[in-house]
Amino acid sequence: MAAASATSTDFVRFALDEGVLRFGSFKVKSGRTSPYFFNAGLFNSGASVGRLAQFYAQALVDSGIAFDMLFGPAYKGIPLATATAVALAGHPAMQGRDVPFAFNRKEAKDHGEGGTLVGAPLQGRVVIIDDVITAGTSVRESVEIIRAAGAEPAAVLIALDRQERAGPDDALSPHSAVQDVAKTYGMPVVSIASLADILALLQGDAQFAGNREAVLAYRGKYGVV
């Protein structure tokens, strides 16, 4: 499930301007050599994270998904959930609603409040917020944490859907990691933008048009139908 096209296009341009989205030749986590690279960790200033959170908030509002709170899986999801909650608090569609959020620690704390969870108690319908889905490990762990607390995972909200098939080259799945997550947990995965949005920008922008053939070839080999 992608966000509105105007928002998606704006986000791709924003990612390029911030150096988060780059073109070239990159060895990615899956072991593949990709003609583009998306590193959300480079949204690393107050202004860039603030604007990023506005994109997350808008994508969630546009999705129409009913939710009660946000959850950010450690570590990248922590600032994303926090900033998105702030952005939602100021979003006109929320009509003044104050959305709670929580996140987990990788290591349990044995003093103070203790445990692995920080923030609001997990309850109701919870949206998991992360940057991308590669293998789905973070989502699986988040779902287990949310269900263990008696709450319901409502959706996953990510920045970019690479729209590529999961698995090694000699045993490619017909589905992407995003599709597998949606099917396994029976909940939607909402992305601010996708590979299709990147290709749309490459087609319409002379500055980056030279990268389009390489990205198309990559999609032809690994892209989901």
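Every residue gets a Cβ built from N, Cα and C, even glycine.
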From the candidates Thr7, Thr82, Thr134, give the one listed by Swiss-Prot for the same orotate site as Phe37, Phe38, Arg162. Thr134
Quick one: Cα separation, Ile133 (5-phospho-alpha-D-ribose 1-diphosphate binding site) versus Phe37 (orotate binding site), in Å? 14
State, in Å as a whole number, the widest CA to CA span among the orotate-binding residues Phe37, Phe38, Thr134, Arg162 given in the record. 13
Please classify the secondary structure at Thr137 (5-phospho-alpha-D-ribose 1-diphosphate binding site) using three-state DSSP. helix
Tell me the Cβ contacts of Thr134 (orotate binding site) under 8 Å, same chain only and six or more apart in sequence, or just say none. Lys29, Ser30, Ala177
Residues with Cβ closer than 8 Å to the Cβ of Phe38 (orotate binding site), same chain and 6+ apart in sequence? Ala15, Val20, Leu21, Val132, Ala159, Leu160, Arg162
Neighbourhood of Phe37 (orotate binding site), C-beta criterion under 8 angstroms, separation at least six: Leu21, Arg22, Phe23, Gly24, Phe26, Val28
